[in-house]
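Taken verbatim from Swiss-Prot:
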- GLY76, THR79: Na(+) binding site (BINDING)
- 3-23: transmembrane segment (TRANSMEM)
- 33-53: transmembrane segment (TRANSMEM)
- 69-89: transmembrane segment (TRANSMEM)
- 99-119: transmembrane segment (TRANSMEM)
Amino acid sequence: MGLYALTAIGAGAALGAWLRWWFGMTLNPLFPTLPLGTLAANLTGGYLIGAAIEYFHHNSFLPPEARLFAITGFLGGLTTFSTFSAETVTLLLRGQYAWTFVIIFSHLTGSLVMTILGIMTVKWLAQH
C-alpha cells in the first residue's frame, strides 16, 4: 500500500472519528438512556456508505485513494456499522436471505458478547 493510500485512509479516518465525537458530545446529553450520538453516527454512516458505493460504482475514473478516503477512512472512522449495513444489504439484494440472517446474528450477537468479554477481562485483571 502506497503513501497516498495510507494518507487518504488516515485523513478520512480522522475526520470520521471527529464527526462521531461531535455527534456524541452534541446528541448524547439530549436523551441519556439511548446514546443518540451513536445512533446518528451509525445511521449516517449506513446512509453514506450506500451513497458512496453507488457513487464510486458510477465514477470508476476516480483514483482508488478517493474510495479509500471516503469508505475505508471516513466511514470506517465514523462507524464500522456502515460496512456491516452495506454487506448485509448486498446479501439481501442477491436474495441470500439465510446468509443475511447469519451475518446479522453473527455481527450483533458477536459484538455484544465481545463487549461483555472485554468488560469481564478488564474486571478480572483489576482483581488479580
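Any Cβ shown, glycine's included, is placed from N, Cα and C.
Outside the transmembrane segment (3-23) by six or more residues, the chain places 36-38, 40-41, 44, 63-66, 68-70, 72-79 with a CB less than 8 A from a CB of the stretch.
Long-range neighbours of the transmembrane segment (69-89) within the same chain, counting only residues 6 or more positions beyond its ends whose Cβ lies under 8 Å from a Cβ of the stretch, are 8-20, 41-42, 44-46, 48-50, 52-53, 56, 100, 103-104, 107.
Counting other Cβ atoms within 10 Å of each Cβ, the binding-site residues GLY76, THR79 show the lowest value at GLY76.
A helical conformation is recorded for GLY76 (Na(+) binding site) in the three-state DSSP classification.
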